[in-house]
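Colleague: If you scroll down you'll find the structure; I have some questions about it.
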Amino acid sequence: MSVFQGEVSSLPPDKSISHRAAIIGSLAEGTTEITNFSGGFDNQSTLSVLRDLGISVRQDEVPAGDGRIVRHVVIESNGLWSFREPSEPLMCNNSGSTMRMMAGILAAQPFRSELVGDASLMKRPMKRVADPLRMMGADISLSDAGTAPVVINGTKDLKTIEYLLPVPSAQVKSLVALAALHADGQSKIIEPIRSRDHTELMLGLETIDRPDGVREIIIDGRKPIAAKPFKVPADPSAACFMIALGLLGERSEIVLRDVCLNPTRVAYIDVLQEAGAGLGIENVRSEGGEPVGDIVVRSCSSLAPLRISDHAVVAGVIDELPMLAVLSAFATGEFELHNATELRTKESDRIEAVVSNLERLGFACEQYPDGFVVKGRPTVNREEAVIECFDDHRIAMSFAIAAEAAGASLRLSDREVAGVSFPNFFALIESLKQ
């Protein structure tokens with residue numbers, strides 16, 4: 001077992017907040033400055049699409065004052081209809097967030113546009129994008145399989161909408177809200193199961209929490225959005241990998257600084273604490289409407305197997321599920337997951353990806369349409385095995401963490417895919433080794 005110790009102030013800036021800060025900046029009137037913008041491939045795809053739509057985007061590297069160099073982004077816009085017709089398809093690469101949220105804006109623009117991506121993104125379902133926008137009067141076409149390319153003939157005459165989210169999805173919620181900003185009147189989104197709420201917070205939208213647990217989000221259309229600065233905290237989804245590293249390591253202690261602690265993003269911490277993980281939260285404060293703090297993680301030799309099935313919990317940990325599954329499998333030999341069909345429509349079929357790789361390492365697994373069970377812990381295979389990453393950053397990083405902590409000799413089919421969300425992933429692991 002390896003030992004990992006140290007303080008980390010170089011976690012990637014939050015991916016979700018970076019996307020939204022740039023997109024909201026493109027809709028605002030004036031100059032939007034974003035400090036600590038993410039350098040991940042997905043967020044850079046959002047900036048590239050905005051540039052291709054005629055938005056002024058400048059990005060520089062500047063000193064942060066604590067020895068770090070951070071990305072500073074400046075966006076200039078004249079408001080909701082500042083976009084120009086693109087001369088070619090808009091390349092979103094691997095970023096589903098870019099494709100889905102930009103579709104909401106482009107549905108309201110008076111021109112034709114086409115959103116495309118890499119081979120992985122072109123297989124992901126986009127009907128959930130098209131359905132609410134068509135209800136608002138948008139002309140949208142998809143492939144026969146309901147996937148990209150997303151071809152949009154936009155209109156400035158979008159109708160208001162009262163939309164019940166059929167699945168908990170922050171991306172779908174956000175694209176409906178972004179489209180509704182352009183509609184003449186008031187729209188409402190009804191959210192039975194909570195998903196991350198950065199869009200509502202950053203736009204200052206009115207929210208109503210009903211006694212039955214359902215949230216209503218109110219959007220008043222065609223109101224000017226004033227430009228304002230954003231400071232992006234560290235990504236809690238990236239923090240999950242370093243937490244797993246510390247929990248699996250021997251005599252390890254890692255402090256993760258300035259992490260976003262938005263309750264809709266850190267449900268995985270509750271899951272781990274309930275299982276006996278040695279996790280602490282310190283120095284909690286508010287920055288830009290988001291709670292931020294430090295996470296302290298220590299080795300844990302008595303972690304209970306993770307069993308996740310509650311719909312709300314699954315929705316709250318959807319991005320962290322691959323890491324939680326691999327962590328539980330390596331630490332306890334067991335894991336159980338249900339009600340997570342959504343995992344099959346991510347960058348890869350993450351249920352199949354996790355199960356196939358665990359089975360390759362000798363774990364006994366059983367797969368279901370909505371989840372899987374890990375039923376036995378083998379002696380970790382210390383001969384080199386190849387992990388198939390499926391072009392999915394979270395699959396690559398989850399198994400890399402387990403290999404580092406367990407001292408297993410695993411080779412990733414694609415190390416570079418980690419750069420989608422965590423460019424300094426491998427360098428950071430090396431810096432924590434003792």
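Positions of Cβ are set from backbone N, Cα and C atoms, glycine also.
These came from Swiss-Prot, pasted as-is:
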type     : residues                                    : note
ACT_SITE : D319                                        : active site, proton acceptor
BINDING  : K15, S16, R20, S169, Q171, S195, D319, K346 : 3-phosphoshikimate binding site
BINDING  : K15, G96, R124, Q171, R350, R394            : phosphoenolpyruvate binding site
Colleague: For S195 (3-phosphoshikimate binding site), identify the closest of the recorded positions G96, D319, R394, judging by Cα separation.
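Modeller: Smallest Cα separation from S195 (3-phosphoshikimate binding site) among G96, D319, R394: D319.
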Colleague: Given the binding-site residues S16, R20, Q171, K346, which lie within 10 A of R124 (phosphoenolpyruvate binding site) by CA-CA distance?
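Modeller: Those close enough are K346.
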Colleague: Within a 10 Å radius around the Cβ, which one of these binding-site residues has the most neighbouring Cβ atoms: K15, G96, S195, R350, R394?
Modeller: R394
Colleague: Pick from S16, S169, Q171: which of these binding-site residues has the biggest number of other Cβ atoms within 10 Å of its Cβ?
Modeller: S16
Colleague: Among the binding-site residues R20, R124, K346, which residue has the largest number of other Cβ atoms within 10 Å of its own Cβ?
Modeller: R20
Colleague: What's the CA-CA gap between Q171 (3-phosphoshikimate binding site) and G96 (phosphoenolpyruvate binding site) in angstrom, rounded?
Modeller: 8
Colleague: Between G96 (phosphoenolpyruvate binding site) and S16 (3-phosphoshikimate binding site), how many Å separate their Cα atoms?
Modeller: 11
Colleague: Specify the secondary structure state of K15 (3-phosphoshikimate binding site) as given by DSSP, simplified to three classes.
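Modeller: Going by the DSSP assignment, K15 (3-phosphoshikimate binding site) falls within a helical segment, counted as helix.
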Colleague: In whole Å, how far is K346 (3-phosphoshikimate binding site) from R394 (phosphoenolpyruvate binding site) when you measure between their Cα atoms?
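Modeller: On Cα coordinates alone, these residues lie 10 Å apart.
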Colleague: Can you count the other CB atoms that lie within 10 A of the CB of D319 (active site, proton acceptor)?
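Modeller: Its Cβ shell of radius 10 Å holds 21 other Cβ atoms.
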